[in-house]
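Annotation comment: TrEMBL describes H48, H116, H120 as divalent metal cation binding site.
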Amino acid sequence: MIRTTTEFLTEWKSETEATQRLLDVLTDESLGQAMTPDHRTLGQIAWHLAWVLGSMTQLGLNFPKPDGKELAPSSAEKIASEYKRVSQQFAEAVESQWNDETILENAAHLRLLIQHEVHHRGQMTVLMRQAGLPIAGVYGPSKEEWIVQGKEPYL
């Protein structure tokens, strides 16, 4: 359970850094990768992670929402940079506008936000593999990172 501002911001920093490592690998060509034609594309999922942060203003936080509409841009760089900007500004808003009491009042929303990010990050890694992109390790080394370290990856 999230109990303090420091606890949340520490976890948020770790999770957003992991997400950013994945977003930074995306290419414009990879954004159209989808499981099937009737599922979200890699670009739509990646943009959703940036876009949804704007919903946190409904909890009383004041920070700039993502640029544009919910439709994903065609630029991987735009998605990665906008996520970085908005996730940092969200964290700054939490730190400057809330206190430990406010964090406790919103702990369920914050936990859901983190779980939501983890869920979509998992979807992204599958689509990134299908698109032939290297995967950055999230909670441990990826296959590519094992190989770089000279280790035999598990199959």
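Heads up, the Cβ atoms here are built off N, Cα and C, so glycines get one too.
TrEMBL annotations: computationally assigned, not manually curated.
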Env. residues of divalent metal cation site, Cβ within 8 Å of mean position of H48, H116, H120 Cβ:
I45, L49, V52, E117, H119, R121, Q123
With the cut-off set at 10 Å between Cβ atoms, which of these binding-site residues ends up with the most neighbours? Options: H48, H116.
H48
